[in-house]
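In what follows, a structure is listed as structure tokens, so that the remarks can point back to it.
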Ligand SMILES: *[C@@H]1O[C@H](CO)[C@@H](O)[C@H](O)[C@H]1NC(C)=O
Ligand SMILES: *[C@@H]1O[C@H](CO)[C@@H](O)[C@H](O)[C@H]1NC(C)=O
């Protein structure tokens, strides 16, 4: 640390940093989906992953325990998707970022950044090698997980992407969007070869059935549309004859859903409407899911019911059709048909293939669902409900009319509705949180729930001295007293007509004061009375002693710690101060333009700080009621304010999602605690000042912890500026690739602070290389001039630190350190004057066979991006020429090595197979393909049974 900093610290008060220490109270957030995951080979259907603010929580639903937290950084989780092997999970965030976590250790090593707004869907390919993401920014990006880089960006949709499906067998992608279109993409050529325009509203979900030969789409109505996919084989004319197509063009409205969207000439495949499955719900589809083998189909809309369908296999359908046919034949016979009666015709309908199994009602509106089938045919369903609850159900699919059994429910570790009041016990150990329906007491160190008790809608709360009872003030004007040992409600007292907004413990600890919407402040004394029920035990009650009548609704009441004064905030935007003993008026604090929603008085009864809906905080002297300073505090209403015990520092909580700390003597903003994703309603500071708990509309409670780290205000401001810069970068225009048209496919990735930093590092490295080369050049010239060897010039200390490497080698080291997913964008922001040096360096690397793969990747990218400038530069022609010959020969060498290795591996495979008589999967999939082909042929053949 330099002298200035020491001076600064010596001269100013020492502020200590508070940091986030935990997120709790949230079971699952609405923004992201729910997904079954497997943990360390544990049983299927036992663990679910849900978004919990910026984290992902993995719950063991059987034990109702949180077993793993995948820690995010800042932005909310918006989508999650487990990898096909179950070892990883890809998580998408509000800012468009994607990270891949290991489910073994909860760590994340891979991250992708390419979307400009929230990730709305993620899919893995079957091998888990590629990831495709869709976003609210309307783009779809395909990522290479192995090389950790973006492959291409698919542009074309006009609204948020809602679902993505891989058609593995043909390397195709299907995407659906709120823009009502379903698009088909050829991943070999990265272009959209087909757009289905038949849906007139948002397409909310899609699934594939019958080995990728049938597509089901869900939109804003109760119809699930089924589409048959037929692959067109090269050079063969399959499907409907030509005249059929002309007919559909002329057909009425109903038909245009099927016909009009076809491209002039159909390539690759045709997709025709095969019918529809009707849901019972009439609203839009929210989730449409299948199990891994697509044997069951489940969906739900905006309400509490989900519907389950079974998808019959080809054999089952065939059996059913045979039965029907027999029946029909019998009927014609019994009707006495003779020889001339034609054979009965039984038509195969979609209904025969997809059958409704059950309608199941959950406890609350469903936000998201996932399902899986376990080997015994049981279906397991996980539901994320709208009120911070997870439920699981099982269903016996083999039964005729199965009923769903609720198997578990996660409700304990969170509230159903927002927490409006918080309190710390006097020993700093327990935390109280109360919402619209329950009050909970938590162990601060373990964050376990100690007690959950039903209550009325709570607005304010406190621990009774001794920490054995708690008191709540409710929206209906009642005081509720609970006993913690027994977890029971001791009494409910009518206190105010209308909301009881505020409550404060008397400093002498003998009673409380309450203020309410009935324009009164009431004083209450604690008393112990004989319990009528149990006879001899005494219990706590409150006795009304005095009333202070006011002209306006009371929003907030506070005693001065010396108990001499009482501050009362009123709806008319003033705060009035009264003498506690006589209830005589003392002072009025004028100045706020909107009502004061929160206030607090410092420990020495010298200062009063007020926070208002007008977004300002004012600090006043309590002796004369003079306003010391007014400060713009939050971008929205200031909801809560509290002094840190024994200091003149205080915290405010705002509807702008932020918590801020202030110095009431120096009028300084000290620090901002960011983390909540919605309005912060309230906070509580522990009596020793070491902990803060806060609650928000995002359903989370957050614990913050005071550290020993001092805050230097200048540094803090600098950091804030940097954060702002980063934000502006992230929001900035995505780089347009020079020389490349803004087409459907663009390189994926976007400018971030990391890519800018990486580019800067490359620039610095090249500059170092230039300097060192110059030095060597001079040295050589000097040697020549004197005609003998001179001692070599001193090397740059950086090169020494890297182990005496050459300057050119150093540049390569720097490039190697750039994160793979950021390489292209970093090169893109590199100014052109550095490019010629890089090309020369690349030539050297290729000649020496250093990192040929990486170098080629950079080389080709730079050539593409700067093609115009490079080709018009005479000086570079020889370099390029050399590069061409060298690169071709080197790449050829590598190819030969790869070919040799591959042949070697195949040889080993054959050896092992012949020894152990097992077949490796490559061949097994071949056979599977063969089977599929046969099955498809059969399907076509049995469409009509006569
Ligand atoms: C919220 O969830 C609970 C389950 O804990 C359920 O019983 C209740 O009915 C739900 N309430 C609302 C308003 O949806
Ligand atoms: C909270 O948890 C800690 C650690 O398990 C325990 O020592 C303490 O007694 C608990 N406190 C309460 C109030 O339950």
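Cβ coordinates come from backbone N, Cα and C, glycine included.
Predicted automatically and left uncurated, TrEMBL annotations should be read as such.
The model shown is predicted, which means the values in this text are computed figures rather than measured ones.
The feature repeat 'WD' is assigned by TrEMBL to 112-145 (among others). Across the repeat 'WD' (112-145), DSSP classifies residues as 0 helix, 19 strand, 15 coil.
Taken together, the residues in the repeat 'WD' (154-195) have a mean pLDDT of 91 on the 0 to 100 scale. Sequence annotations record features per position, and here TrEMBL assigns repeat 'WD' to 154-195 (among others).
Per TrEMBL, repeat 'WD' is recorded for 196-230 (among others). Panel annotation: around the repeat 'WD' (196-230), residues 159, 162-163, 165, 167-169, 174, 176-184, 238-239, 256-258, 260-261, 269-290, 294, 297, 299, 311, 314, 350, 354, 932, 935-936, 939 of the same chain, lying at least six beyond its termini, place a Cβ under 8 Å from a Cβ of the stretch.
Residues annotated as region 'Disordered' in TrEMBL: 325-345 (among others).
Residues 22, 24-27, 64, 66, 387-389, 458-463, 465-467, 470, 472, 482, 484, 487, 681-688, 690-691, 693-697, 699, 701, 703 of the same chain, all 6+ positions outside the repeat 'WD' (412-452), place their C-beta atoms under 8 angstroms from a C-beta of that stretch. Per TrEMBL, repeat 'WD' is recorded for 412-452 (among others).
Tertiary proximity for the repeat 'WD' (493-527) is limited to same-chain residues at least six positions away from its ends with a CB under 8 Å from its CB atoms, namely 459-462, 464-465, 471, 473-481, 540-563, 566, 568-569. Look at TrEMBL and you will find 493-527 (among others) tagged as repeat 'WD'.
The list of residues near the repeat 'WD' (589-630) in space but at least 6 beyond its ends in sequence, with Cβ under 8 angstroms from a Cβ of it, reads 555-556, 558-562, 564-565, 567, 569-577, 636-643, 645-648, 650, 652, 654, 662, 664, 667. Sequence annotations record features per position, and here TrEMBL assigns repeat 'WD' to 589-630 (among others).
Residues or ranges marked as repeat 'WD' in TrEMBL: 631-672 (among others). In terms of DSSP secondary structure, the repeat 'WD' (631-672) contains 0 helix, 24 strand, 18 coil.
Same-chain residues lying 6 or more positions outside the repeat 'WD' (673-705) and placing a CB less than 8 Å from one of its CB atoms are 18-27, 29, 52-54, 74, 76, 388, 414-415, 418-424, 426-428, 431, 433, 442, 444, 447, 636, 639-640, 642-647, 651, 653-661. Summarising the annotation, TrEMBL assigns repeat 'WD' to 673-705 (among others).
The region 'Disordered' annotation in TrEMBL covers 726-750 (among others).
Taken from TrEMBL, the feature compositional bias 'Basic and acidic residues' applies to 741-750.
As annotated by TrEMBL, domain 'Small-subunit processome Utp12' applies to 808-910.
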For the repeat 'WD' (112-145), could you work out the same-chain residues 6 or more beyond its ends whose Cβ comes under 8 Å from its Cβ atoms? 31, 78-81, 83-85, 88, 90-100, 151-155, 157-166, 168, 173, 175, 177, 179, 185, 187, 731, 734, 748-750, 752, 821-822
Taking DSSP helix as H, G and I and strand as E and B, the domain 'Small-subunit processome Utp12' (808-910) has 92 helix, 0 strand, 11 coil
